[in-house]
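Pulled from TrEMBL:
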- GLU84, ASN88, ASP130, MET135, ASN143, 150-151, 184-189, THR234, ARG389: ATP binding site (BINDING)
- 77-244: domain 'Histidine kinase/HSP90-like ATPase' (DOMAIN)
- 16-52: region 'Disordered' (REGION)
Amino acid sequence: MAGGLALATDLATPFTPPLTDVPGVEPPAGSSHIAPRVPSSPGESEEVMAETNGERHAFQAEVSKLLGLMANSLYRDKEIFLRELISNASDACDKLRYAAITQPDLLGDDAALAVTITPDSKSGVLVVADNGIGMNREELIDNLGTIARSGTEAFVKQMAESHGGDGQDEQDGQDGFAAGLIGQFGVGFYSCFMVAKRVEVVTRKPDEAEGWRWRSDGTGSFSIAPEADAARGTRIELHLRKDDREFLEPLRIRTVVKAYSDHIGLPIWLENDSGQKEMVNEGSALWSRPKTDIDEAQYREFYHHIAHMPGDPWHTIHLHAEGRIEYTALLFVPDSRPFDLFEPIRQHRVRLYVRRVFITDECEGLIPPYLRFVRGVVDSSDLALNVSRETLQNDPILAKIRTGLEGLYEDAEQKDRLLPLVRFRSTGGGDRWLSLDEYVDSMPEEQEAIYYISGEDPDALRRSPQVEGFRARGIDVLLMADPVDQFWLPVVGAYKEKSFRSVTQGAADLDRFAVRDEDKPDETDAPPPGEIDKLIALVKLTLADAVKDVRTSERLTDSPVCLVADEGDLDMHLERLLRQHKHEVPAQKRVLEINPSHDLTRALARMVGQKGATEALEDAAHLLMDQALILEGEPVPDPSAFTKRLSGLISRALTE
Ligand SMILES: Nc1ncnc2c1ncn2[C@@H]1O[C@H](COP(=O)(O)OP(=O)(O)OP(=O)(O)O)[C@@H](O)[C@H]1O
């Protein structure tokens with residue numbers, strides 16, 4: 001999937017060269033901006049070419065790929081294209097309504113913002129029009145030529161990551177994967193190519209005299225030309241394919257609007273041939289309706305509209321706060337992890353409205369960063385409509401709303417309420433998810449800390465050498481396998497006065513816990529303690545700068561060695577995580593711990609001081625270190641030396 005990977009990394013870059021910049025396409029004489037005819041496929045492309053005398057632009061490569069997918073889609077819920085167009089139209093009206101707060105002239109004598117759907121069965125054209133904010137030439141190129149939309153970007157990324165990247169199997173319709181995702185994510189404007197062989201967009205901004213017409217047949221390029229007499233807003237004309245003309249039937253349109261767009265807070269009109277209009281949606285913002293009037297399907301649709309997430313809401317919170325301040329919040333907890341959870345800006349995605357007028361979806365501080373997976377809207381009756389987006393963060397009313405949102409949305413002060421809700425797996429708990437209370441209640445009396453081990457894979461963590469000694473003493477260790485664990489643990493520090501302690505860091509302090517009988521080492525064969533100390537000294541000398549220290553271990557029962565971080569040093573898993581995220585981390589030296597009861601250690605200890613054993617012991621010291629690295633999933637620094645030493649050791653053992 002070579003193409004797929006490139007696709008995933010390039011998505012954020014808007015790239016829409018005029019076709020004159022595309023290699024192999026010569027501009028016509030005397031013109032630098034009027035692009036030539038594009039080598040086109042027969043049929044519809046020819047038709048567009050003949051009509052068009054505007055500039056021609058190539059779609060960003062990812063868009064072309066997406067369009068190919070759309071055009072060949074066997075996706076049965078094609079109707080979602082209408083949801084996407086209505087959603088865009090409604091956003092465009094929201095934007096104009098907001099702009100008109102400070103510039104009322106923008107609305108002129110057309111203040112009734114609405115979406116109008118007009119089917120024309122004779123020409124086979126379906127029009128979805130709004131009288132919203134419109135687009136100028138540059139916006140048209142940026143918005144309808146590249147992928148800038150977060151949801152669509154995530155869709156293409158998933159497609160690229162899960163497949164061969166050329167999208168071929170999806171295009172063949174053999175695979176339900178992409179089709180499923182189209183419905184879940186919604187792929188915005190481009191989804192109209194599922195039903196249209198050609199799309200024309202006529203648009204004008206409220207404060208500009210010049211309008212524009214964008215056209216494309218969805219096969220690699222689009223054209224843009226000035227349009228005289230364009231009405232304010234945006235009018236999308238879909239030249240439907242023969243097989244998709246069902247979307248011209250009023251009954252079909254009504255049903256689709258009702259199913260997907262009923263919650264939209266402005267009227268959606270259906271206009272018939274004789275110009276009569278009927279409103280086909282409820283027309284009031286969903287969150288402003290009483291809870292009892294809303295069913296689950298409506299909440300679900302609103303979630304899809306607002307969240308651009310696959311799946312359904314896992315939990316819905318709809319609250320009207322009354323009293324000193326009034327606001328409504330409709331918030332959703334998604335049922336899967338949002339794709340942008342680890343973006344560095346940690347921006348939340350809750351939209352702020354003031355009395356049904358959309359203000360911003362970037363209101364810093366409305367939701368704390370750690371709850372940025374929450375989706376939804378907050379609508380306040382108390383904020384001033386002309387509140388500036390820049391000063392919002394310091395607004396005292398907003399501060400009250402912030403604390404009022406279920407009370408959970410305050411940072412550190414809320415940790416005592418949040419921590420009891422968190423569940424963990426543990427070394428002793430099998431598949432069970434433990435609460436911290438359960439863990440603390442079952443701790444042996446002498447245990448003072450909550451032990452945990454962090455890494456990527458819970459099963460691998462269970463098998464880690466560092467937990468052996470804890471298991472042997474009946475001490476449960478929590479498995480922290482989520483990357484985010486590394487970040488909250490140092491901040492939270494303790495629960496019910498028991499500090500969190502990594503078992504891969506610092507001294508284990510296990511001698512006050514009794515080892516279970518079945519795990520007790522056989523002491524009959526143990527070398528005198530002095531010999532182990534000599535071995536430790538030899539290993540330390542041999543490994544020199546490669547380790548911070550070498551010491552005997554209490555943590556190990558079955559494995560001969562393990563690595564741990566020294567007290568106060570960076571946790572080994574956190575170090576790896578930071579490196580993966582391209583953070584500069586100074587090289588950390590680790591402590592090598594050796595199991596004094598292991599047969600191998602005992603055998604080596606007995607060799608110390610024997611004549612001619614030094615070379616074999618030095619090889620063994622390196623091999624012990626390499627083993628410990630392998631157990632940590634770390635690369636061995638010198639693989640060829642490792643192989644040589646190992647082969648030497650095996651052949652010596654075999655020939656002796
Ligand atoms: N009817 C419209 N009026 C004005 N601008 C529009 C309209 N339709 C689309 N656009 C512009 O085109 C952009 C791309 O639209 P698309 O549907 O592909 O994604 P999107 O709506 O931006 O996605 P998201 O809702 O995640 O932001 C929009 O962000 C908007 O700027």
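Note that Cβ sites are derived from N, Cα and C of the backbone, with glycine treated the same way.
Note: TrEMBL annotation is automatic and uncurated.
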Reduced DSSP assignment, GLU84 (ATP binding site): helix
Secondary structure of VAL187 (ATP binding site) (DSSP, helix/strand/coil): coil
Filtered binding-site residues, from ASP130, ASN143, VAL187, whose Cβ is under 6 Å from an atom of ligand 1: ASP130, ASN143
Arithmetic mean of per-residue pLDDT over the domain 'Histidine kinase/HSP90-like ATPase' (77-244): 83
Secondary-structure category, per DSSP, in which ASP130 (ATP binding site) falls: strand
